[in-house]
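Colleague: Following this message is one structure expressed as C-alpha cells.
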C-alpha cells in the first residue's frame, strides 16, 4: 500500500537520505521523490548533491540558498537571547532545523506533494525538530521517516544503498557523523561514543588545536545595534560576512570547541563535539554589553528565561506560542543594547576586556572610590536597615 504519491525529501547527499529515495519508491510505493537540500553555508558538502539525488532516483533535486535567513531570522535572535543549551552549546544545528522545515513545507505546497520525508533516526533530536516544526507550519501534511521504521543497522543501510548504486560515503578510517553550517559543526559517532576518549584532532574542522594557536593575544571589537552584531573592528558588515570572518579569526585561536555530555530530548545522554567560534564569541560579547545597558532587574529576569529559550530551540519548539512570547520580551529588552565590546582572543579563550555604549548605565562618579565619588554614603545606613528588617524581625521572633 502506498504511503504517499509525491514526497519532498529533506536531502543532504549522505547515505541515509540517499537510501531514502529508493526505499520510499520501492518499499512504500511513492511515485515521485523531490529532494531538497538547504545551502546553510556548509561549503563543498553540497557539491554534486543534485546529480547524486537524480542518480538515486529523484525526479527533481532542489538546492536552496538560505544562508541569509539562517543568520538574520535564526542566529541573530539566538544571540539576542544568549542561547546556550545547558550553558554550553550555541545551537548551530538546532537553529537550522526549523528553517529547513519551513522551506520543506513551502516546496511541498508549491509542488503539490502530499508528504514530507526526512532521514532522521528514532534516536536523535532532529526527528522531533522536523516533525514538530512541519506540523506547526502545515498540520495537514503527512510526515514520513523511513529510517525510524526500516530497522536497518548502519551497515545494512549502506548495503541497501549499494544495491541501487548509492556509494557509501563514510570510510572505515573516518566513521564520524558530521553536520555543518555557517554557524558551526556537530561531530559524533565512532570512537567519540566513548565519553572517556579524547577526540582526535582530525575531527575538528573550524578551530586550531591550542598548541597551534598564536602565542600572542588578538584584540577585536564587535559593534552591536539593538543586540544584533553589525560591525567587526570598526567595519560595518552584513551578518554572513561578519560570522564568516569571525569564524576564521576566533577559530585561529582555538575558540569555540565544546566537548559535552548532553541531555537529548528522547531521554538519553549523548556525547557531542561542537565547534562554533563566531557564535561563542558573539554571545559572550552580547551578554557583556547587556550587563552595561540593562537594569539589574531586567538582566536577572532575562537570565532566568534564557535557558528556557535555549531548551525550546533545542527541543524543536521554534514555532511554539511560548517561544513567540519569549521573543517579544527579548526584543523589548534589546532596545538599548547598542554599543561596542572589545574581546581578547588567546589560547582558546574569548575574554571581554572592554565595553562602551551611549546607553551605558555605568556611572563613573557613582562607582569610583576616588575624589570624584558622588555616592551618598550616609544613605547606606538607612537602606541597610530597611533591607534587613524582615531578617531582623525573624531573628527576634526566633530568639523569643
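The backbone N, Cα and C atoms fix where each Cβ goes, glycine too.
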Colleague: Which of 38, 135, 136 shares the ATP site with 10, 11, 12, 13, 14, 15, 16, 17, 18, 119 per Swiss-Prot?
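Modeller: Among the candidates, Swiss-Prot records only 38 at this ATP site.
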Colleague: Just to verify a number: CA distance, residue 14 (ATP binding site) to residue 177 (L-citrulline binding site), in angstrom, no decimals.
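Modeller: Cα-Cα distance, residue 14 (ATP binding site) to residue 177 (L-citrulline binding site): 10 Å.
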Colleague: Between residue 89 (L-citrulline binding site) and residue 126 (L-aspartate binding site), how many Å separate their Cα atoms?
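Modeller: The Cα atom of residue 89 (L-citrulline binding site) is 15 Å away from the Cα atom of residue 126 (L-aspartate binding site).
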Colleague: Of all the binding-site residues given, namely 16, 119, 121, 126, which is spatially nearest to residue 274 (L-citrulline binding site) at the Cα level?
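Modeller: Looking at Cα distances from residue 274 (L-citrulline binding site), the smallest one goes to 126.
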Colleague: Out of the binding-site residues 12, 18, 121, give me the one sitting nearest to residue 262 (L-citrulline binding site) by CA distance.
Modeller: 121
Colleague: Report, as a single number, how many Cβ atoms besides its own are within 10 Å of the Cβ of residue 14 (ATP binding site).
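Modeller: That number is 17.
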Colleague: Ranking the binding-site residues 16, 126, 262 by other Cβ atoms within 10 Å, which is at the bottom?
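Modeller: Minimum Cβ neighbour count within 10 Å, taken over the binding-site residues 16, 126, 262, occurs at 262.
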Colleague: Should residue 18 (ATP binding site) be counted as helix, strand, or coil on the basis of DSSP?
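Modeller: For residue 18 (ATP binding site) - judged by DSSP and reduced to three states - the answer is helix.
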